[in-house]
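Taken from TrEMBL as is:
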TRANSMEM  60-80  transmembrane segment
TRANSMEM  92-114  transmembrane segment
TRANSMEM  135-159  transmembrane segment
TRANSMEM  165-191  transmembrane segment
TRANSMEM  203-223  transmembrane segment
TRANSMEM  263-284  transmembrane segment
TRANSMEM  344-362  transmembrane segment
TRANSMEM  382-399  transmembrane segment
TRANSMEM  431-449  transmembrane segment
TRANSMEM  455-473  transmembrane segment
TRANSMEM  494-510  transmembrane segment
TRANSMEM  516-533  transmembrane segment
Amino acid sequence: MKNYPSLKFVDLFKRLFLFLGVDYPVMRKILQIKLTMDRRRVPTVFNEQNKKINNDSNQFLKSLWVYAFLGLILVPFILIRDSYIFPMSLVYGVLMFLLMTSMISDFSQVLLDIRDKNILNTKPVEKRTINAAKIVHVGIYMFILTATITMIPLTVSLLARGVPFFLLFLSQIILIDLLVVVVTALLYMVILKFFDGEKLKDIINYVQIALSLSIVVGYQLVIRSFEFFNLDFGFHAQWWQIFLPPVWYGAMFEVLLGQNRDVYIIVFSILALIVPFVSIFIYIKAIPSFERNLEKLSSQSTVKKKRKPLLGSWFVKLICSSKEERTFFFFAQKMMKNERQFKLKVYPSFGLSFIIPFILIFNELRTSSFTEIADSRYYLSIYFAAMMIPTIVLMLRYSQSHKGSWIFRALPLENLSPLYRGTLKAFMVKLYFPVFTLLSILFMVIFSVNIFLDLVVVWLASSIFVVLCFKSVNGKVPPFSESFEMTQQETGKMFLMFLPIPLLFGIHFWMTTMEYGVIGYAVVLFVVNWILWRKL
C-alpha cells in the first residue's frame with residue numbers, strides 16, 4: 001500500500017499518540033487501509049460499460065477547486081480595516097458554515113463508518129486505537145479542506161494585514177476545525193440517542209442538498225461581497241451574542257489587535273479558547289455511548305406511518321389514460337420519494353429553479369423601480385424554472401436499485417410507453433408543478449393576474465420541453481434502470497438540453513408583441529403537446 005504524505009505528517013505526532021496510550025503502529029496501519037479504501041469508492045466497471053476509472057484518483061481531492069473558489073468570499077471582509085470583530089465574525093461564520101456542512105455531507109461516512117467493526121472487534125485492537133484512527137482520518141480530510149478554503153484568504157491576510165493578523169487568523173482556524181469536528185460528532189450522538197439510523201441518514205441527505213445549493217448561491221455572494229469595501233461597519237456587543245461562535249473568534253482580534261477591553265469582548269475571547277477543548281473532553285467521555293448507538297445505522301426502521309396519497313384517484317385517472325400508466329405513475333412517485341441519491345442529485349436544481357427567477361428580478365431592481373418591473377415582461381423569467389427539467393429527466397434513468405429493472409422487460413406489455421408517460425407525469429406533478437405553481441402565484445402578485453394566460457403558455461411549453469428532453473437524453477432506456485455512477489457519461493448531452501429554454505423564451509416574448517399572439521401560441525402548444533405525449 002502507498003505511504004501517503006498525510007501519514008508522514010501524522011508520524012510527526014507519534015510520541016503524542018504513544019503518550020495518550022494509542023497503539024501507534026496499529027493506528028497507522030488502519031489509517032493506511034482507510035485512505036486506500038477512500039480511493040476505491042468508485043467501481044472500475046459500470047454495468048455493461050467498459051469505462052475505466054483510475055483507482056489512484058481521489059474524487060474528494062478533485063472537487064477541492066470549488067471550495068477554493070468559495071474561499072474568495074472571505075477576501076473582501078479581511079481587507080476591511082474599520083473594524084476587527086464585525087468583518088472577522090462574518091469570515092468565521094462563512095468558514096464554519098462551509099466546514100460544518102462539508103463535515104456532514106462529505107465526511108459522515110467516515111465518522112459513522114461501522115463496516116470495520118466486524119474485522120477490528122475480533123482482533124486484539126483497543127477501542128482507544130480504533131477511535132484515534134477514526135478521528136485522525138476525519139482530521140486529515142478536514143485539514144485538506146480547510147487549507148483549500150483558507151489558502152487564498154490567509155495569503156491575503158499576510159500581505160495586506162501583516163504577520164500578527166496572519167498568525168492569529170491561522171490559530172483561530174485550527175480552533176474552529178477542532179470545534180466543528182467535535183460538535184458534528186456530538187450532534188450525531190444526540191440524533192442517534194433519540195432517533196433511528198434512518199432519521200440520521202435523512203438529515204445527512206438534506207444537509208448535502210443544502211450544501212449543493214449553497215455552493216451555487218455562493219457564486220452570487222462572491223460578486224456581491226466586493227461591494228462592501230466602502231461601507232462603514234459598526235458593532236455593539238450584546239449578551240445574546242454569546243450564542244454565536246463566529247463572534248467569539250472575531251472578538252479575539254479586538255482584544256489582541258484592537259486593544260478592546262470591553263467585558264463582553266473578553267468573555268467572547270475566553271469562550272473561543274475554552275469551548276473547543278471542553279467539547280473534546282465531553283466527546284472523549286461520550287465515545288462509548290456513541291459507539292453503541294452507531295449500531296442503529298445497521299438496522300432498518302420497520303415502523304412507517306402510512307400516508308394517504310395527496311392526489312385523489314380521480315385526478316390520476318384524469319391525467320393518466322390507462323390502468324398501466326396509472327400504476328407506473330404511483331411507482332415513479334414512490335421511487336422519487338424514497339431514493340436518497342436521486343434527491344441529492346435533483347433537489348439542488350429543484351431549489352435553483354425557484355431562486356433564479358427572483359435573482360434576475362432583484363438584479364434589475366438595482367437599476368429600475370419596482371413599478372417599472374411590474375409593468376415589464378420580466379414575468380417571462382419564470383422560464384428559468386424549466387432549468388430543472390433536463391437534470392431531473394436525466395436522473396429518472398438512474399436508481400440505487402437498478403438491478404431490479406429486469407422486471408420492466410418481463411411485464412406483459414406491447415411496449416413501455418405507459419411506463420415512460422407515467423414516470424414523466426409523476427415528475428411533472430410531484431416536482432415541477434409545486435415549484436411552478438408557487439412561482440406563478442408570486443408572479444401574479446408582482447405582475448398582476450393579467451399574466452395568467454402567459455403562465456398557461458409557459459406550462460404548455462414546459463410540457464413539450466419535458467418530452468423533448470426525455471427523447472433526447474433517455475431514448476428508450478427504461479426509468480430507474482441504471483446505476484448513478486453512469487451519470488457523468490451524459491454531462492455533455494444534458495448541457496445541450498438547456499439550449500431550448502432561451503428559444504422558448506424568445507418565441508413567447510415575440511408572441512406578446514402581437515395582438516392575440518399569446519392565445520394563438522397557446523392553441524398551437526396544446527396541439528403539439530397532445531401529439532407528442534400520445535407518441536411517447
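Cβ atoms are placed via backbone N, Cα and C, with glycine included.
Unlike curated records, TrEMBL annotations are generated automatically.
Sequence-distant residue pairs (6 or more apart) of the transmembrane segment (382-399) and the transmembrane segment (263-284) include fewer than 3 whose Cβ atoms are under 8 Å, leaving the two stretches without contact. Outside the transmembrane segment (263-284) by six or more residues, the chain places 85, 172, 175-176, 178-179, 182-183, 185-186, 237-239, 241-242, 245, 247-252, 254-255 with a CB less than 8 A from a CB of the stretch. The highest tally of CB pairs under 8 A with the transmembrane segment (135-159), across 60-80, 165-191, 431-449, is held by 60-80.
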